[in-house]
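Enquirer: Under the heading active site, proton acceptor, TrEMBL lists 151. According to TrEMBL, the Mg(2+) binding site annotation covers 182. Among the features that TrEMBL reports, domain 'DNA/RNA non-specific endonuclease/pyrophosphatase/phosphodiesterase' is placed at 91-282. Per TrEMBL, domain 'ENPP1-3/EXOG-like endonuclease/phosphodiesterase' is recorded for 92-282.
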């Protein structure tokens, strides 16, 4: 009798899963993401014991903070966008972000892409960010929505340091990205930028969604805005050269990365954010107006 009940429950569960995921474009990947989200949420409820040096300061002030990366001490503050006293600035060892509670995601994340290699493991247990005072979305808020938990500061940019890579899996660093966008053109751009770092040396990267009122939302415990566009700014402080990407959050086929390049000025107009606000005015004006595709892509067709 018990065996019959077990079989019945198993069949019922199987039918439910088929009905739930059969209509989705990538059913197996959607199921995997949902299971990952449930695991991540369960783990997030466990108390976290972090060493003082493991957690950078959070807060709303604009005081400069040294950021350690790969054993060297750098400062990211001179590269931060303008922000106000009410902005929720979250500082970690590998990146700095501006968390927007209204949209349940960061409006920008700044990190230094260093010319180092490594084989740090990827963490799949996404975690709510304990430094965000207003609380972040939870991993399961993305489950079953068809959107990926898309990294803003890419995990792959920190392959040289296990702890820094794990820090990219906080939910404050996530934004809803269409699956084919996240694994397609956006991933291609991230890899291209890493290839530039190998040739040029350390780069400063600013990444974020274009946020505005009226965006569609997802979520169960909260409402997460789904951006229509994402941007990525790349600055080479050695050569004082910069380029930007601005791309719609959707699947792209048979397109060239260089088709989505633009100037930082154009991204500022789209977002309303004053990027690189602490750089000297003359330098800021110079790099923000640049759109020299050949300087970055050379003769590459991509």
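Keep in mind that glycine also has a Cβ here, set from the backbone N, Cα and C atoms.
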Enquirer: Look up the residue listed as 'Mg(2+) binding site' in the DSSP assignment and reduce it to helix, strand or coil.
Expert: helix
Enquirer: Using the alpha carbons only, what distance in Å do you get between residue 182 (Mg(2+) binding site) and residue 151 (active site, proton acceptor) once rounded?
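Expert: Counting only the Cα atoms, the answer is 9 Å.
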Enquirer: How many neighbouring Cβ atoms, not counting its own, are there within 10 Å of the Cβ of the residue listed as 'Mg(2+) binding site'?
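Expert: Within a 10 Å radius of the Cβ of the residue listed as 'Mg(2+) binding site' lie 21 other Cβ atoms.
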Enquirer: Just to be sure I understand the packing, how many Cβ atoms besides its own are within 10 Å of the Cβ of residue 151 (active site, proton acceptor)?
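Expert: I count 21 other Cβ atoms within 10 Å of it.
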Enquirer: Using DSSP, would you call residue 151 (active site, proton acceptor) helix, strand or coil?
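Expert: In the DSSP reduction, residue 151 (active site, proton acceptor) maps to strand.
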